[in-house]
Amino acid sequence: MTTELKVSHLNKKYRTKKALDDVSFEVKSGQIVGLVGPNGSGKTTLMKAALGLIKVDGEVEIQGDPVTFSKHKQLEKVGQLIEYPAIYPFLTGYDHLKMFADGKNQKARIDELVQDLGMQDYIKNRAKSYSLGMKQKLGIAMALINNPSLVILDEPMNGLDPHAVIEVRQLIQKLAKQGVTFLISSHILSELEKVIDHLIIFNEGKVVRDTTPQELNGSYKIRVVIKTNDDRAACETLNNAGFKMPKTKVSFLLKDETTLAVVIKFLVEQGFDVLDVDKQASDLESSLMKLLYPNESAQGGEA
Amino acid sequence: MGTLVKNELFKLRKKSSTWIMILLMFVIMLLGPILTILSGSEVMSYTAISSAGALWLVVTLISSAGSILSMEYEYGTIKELFASKYSRGKILISKWFTIFIYSIILNILLVVYTGIIYYAGRLLTTNMSFTWSENAISGETVTTMTESFLRMLASDFINAWLVISVVFLLASIIKKSSLAVTLGLVFFLTSSMISSLLSSLMKLTNLDWLKYTPFNMLFLNFNESTASLEKVAHLNATQLGIGSLIYIIIFLIIGLLFYRRKEV
């Protein structure tokens, strides 16, 4: 796989605050990379740096060629939506797409995007009448109009209704299959999880983790909650036998596959009825919370 | 660059304010002759018809030059422009070109409107004489009215661009469209007052260098005789014309230097 985007040792300071602190990572061609982190962690600053919108120390390369504050040639291959869609209220949606479309088959490309994003009903209306979701869709369409090889989307699901979220997701997946690379930031982690195949976690201007969602989820143990006919007594018995349990709920993190069987066998041998076993698989949101806020997410015992 | 200019012209064309200003120019030019007819005056020259339009033309260009830059910040579209393959310099230059083309179109409209009102006036009124073909006397030279009209257009055009270059400079520094436009209008409206003050100051003092200030350049008028120009501006028309062009270039280049450093 070739490298689509490479950032090396990016640093950016706003007055005293370090917005980017020695940020380096690579995005391979055809990947859908999620960029996640708390508000103010530097995600938008990083995207702006990759688009040559701000001055930074360090290097940005797209397909091996540099992009800087004054060198924009490579941006020909990039589509973007940063912060909020760039819309002229006095133009129609169609005008926007027509104006930003380059090269051949413009009409066919516009029509296909309008169709894919379900914008047929209002694309010929002036954008000042658009809702937030309609503007967002138009912004996404503008990012995709010139068949870019790299698409940078900052919070693309902002303001979209559930149906539109599905349309955007399907479009991203369709384009990724055609080899388009995506770098997407989003707060809606459950949605991001459905499309990304790689993950860059940002905090305080630094890359905290450069991983895959599976790897991240897998690095946190699964929590098990066992419901018995007498939870309090079961906990006491388990604690006496050396298992670490909370006082009222049989709840623990799985260390390995055998732990669950050991605990259930022990409870049955002690005369408890096991009524239910709930395995709480770790999702991206909880994995991320555990990584970024380890103190807040700690709860329950360990078997 | 061609695509950028085409896009800028497209945006200008789609803005309703563009058409409103063009329509208002005609309405304002009509007001003069109507009031003249109502007041019972007997002579209406085409310069009287066009002068209100010429003033409106500058106001229109000031607001367009201010907003062509600042609207991009207001709508957030500046990111779309800057994140494109085009450099900031090319983006700004495409905007200059657009306003330049617009200023030419407005001048053509000024001539057309003047012609329409002039001929309509001749057709519709019987007791008024709408003058066109007589010779005009400017200072010691005698020129035809047409020539004098063209001279007026040329001097107004250069004066307008001196003001527009200041607006471009302000709008390259200030993000707020309304502020850039207001400051441009203030510059334009106070310029004649400041020019007169400078002129008086030059007479009273030995501050001869004041004649090289941009305000003094606004005295440019190709219809004035050299003697009368030198009396107020201490420079002749050619010198004022060259001075204006130099200032226009300086203001545009300073604006470009600021614009090229813009982070968004």
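Quick reminder: no glycine exception, Cβ is built from N, Cα and C everywhere.
According to TrEMBL, the protein carries these features:
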TRANSMEM  B:20-41  transmembrane segment
TRANSMEM  B:53-75  transmembrane segment
TRANSMEM  B:96-120  transmembrane segment
TRANSMEM  B:157-174  transmembrane segment
TRANSMEM  B:181-202  transmembrane segment
TRANSMEM  B:240-259  transmembrane segment
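Here the listed stretches are B:20-41, B:96-120, B:181-202, B:240-259, and the one with the most C-beta pairs under 8 angstroms to the transmembrane segment (B:157-174) is B:240-259. Residues 5, 8-9, 12, 22, 25-26, 29-30, 33, 46, 49-50, 53-54, 57, 60-61, 64-65, 68, 130, 132, 149, 153, 157, 160-161, 164, 168, 252 of the same chain sit 6 or more residues outside the transmembrane segment (B:96-120) yet have a Cβ under 8 Å from a Cβ within it.
Residues 48-53, 56-57, 60, 63-64, 106, 109-110, 113-114, 117, 121, 125, 128 of the same chain, all 6+ positions outside the transmembrane segment (B:20-41), place their C-beta atoms under 8 angstroms from a C-beta of that stretch.
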